[in-house]
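Just below is one structure, and these are the notes that go with it.
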Amino acid sequence: MEGQSVEELLAKAERDEAEKLQRITVLKELELEFDLGNLLASDRNPPTGLRHAGPTQEAELRALARDNTQLLINQLWQLPTERVEEALVARLPEPSTRLPREKPVPRPRPLTRWQQFARLKGIRPKKKTNLVWDEVSGRWRRRWGYQRARDDTKEWLIEVPGNADPMEDQFAKRIQAKKERVAKNELNRLRNLARAHKMQLPSAAGMHPTGHQSKEELGRAMQVAKVSTASVGRFQERLPKEKAPRGSGKKRKFQPLFGDFAAERKSQLEMLRVMNSKKPQMDITRATNKQMREEDQEEAAKRRKMSQKGKRKGGRQGPGSKRKGGTPSQGGKRKGGLGGKMNSGPPGLSGKRKGGQHQGGKRRK
């Protein structure tokens, strides 16, 4: 029994060792292609067993992914290692697979105005040393910046030019000139950035920050500003001659849900009566005025024809003559008729009337 137990233990140990080797060792018909720089493993073996896997397809995919990952890890253990802060790190080689970009390749930055001018004139940049010899201090100093050589800001005496005002402060003038140069350089930098991004720059002439606003727009803006307070403009003071805003918001008043049922019934019945009435509603006043206008126009046309016939027979009358024995409708005042004083030419369609169309009056010579 003891011999069998020892044999069983040895057999079990061999099986465990074989299982460990089986987990680490993976056999493939075609070797995988590795790109250790990108931690990439490409399997060129056709997945023949996945076509007829059926319900075990998910398990087959997991087993295949596990085997390929094991092969990739086996390759990583063969790389040279180094210890960094008590940790063992493998040094990856350069990647060999070119991965696609998420965004397009950036375009070359356009040249600035100075670069364009330098290329046109053939000016090439010359490298200058950062240190130069300062004759005043007798030591090497920086060419630019803090503690530079020939620093004019440290001078205690400035010579006044011959064409300058002797009472002008040359120190303040130099500081102002430097501020202007800095502002000009900043403006040129912003212009170069705008040209690089193809932005439309506003013209210097006719540039308005807020644009031209009409009277209505200004009034609307003022009204909105007044009601933008915590009290919604209720305690906002007004100017002495300020007019009340027109078209201000008003609360909608709805009819109560429970209240005067008689008024609600009356309004509903009136609406049904209007909808069910077959005869259209006629405006009597408008129809009467229209009929009177048509009659006046017909009568005026007849009188115009009669006046033209009288001109051919009797000649033209003087400007101050008045007709006698005319029809009663040609003189005086009447309601809704034609009348009034008449001058030379065709009879005037004038006079005072109610409900008619005012078509004339006294005519000039």
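Placement of Cβ uses the backbone N, Cα and C atoms for every residue, glycine included.
Here is what Swiss-Prot records for this protein:
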MOD_RES   S5  phosphoserine
REGION    202-221  region 'Disordered'
REGION    229-254  region 'Disordered'
COMPBIAS  235-245  compositional bias 'Basic and acidic residues'
REGION    273-365  region 'Disordered'
COMPBIAS  302-325  compositional bias 'Basic residues'
COMPBIAS  351-365  compositional bias 'Basic residues'
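Broken down with DSSP, the region 'Disordered' (229-254) shows 0 helix, 0 strand, 26 coil. The residue listed as 'phosphoserine' carries a helical DSSP state (H, G or I).
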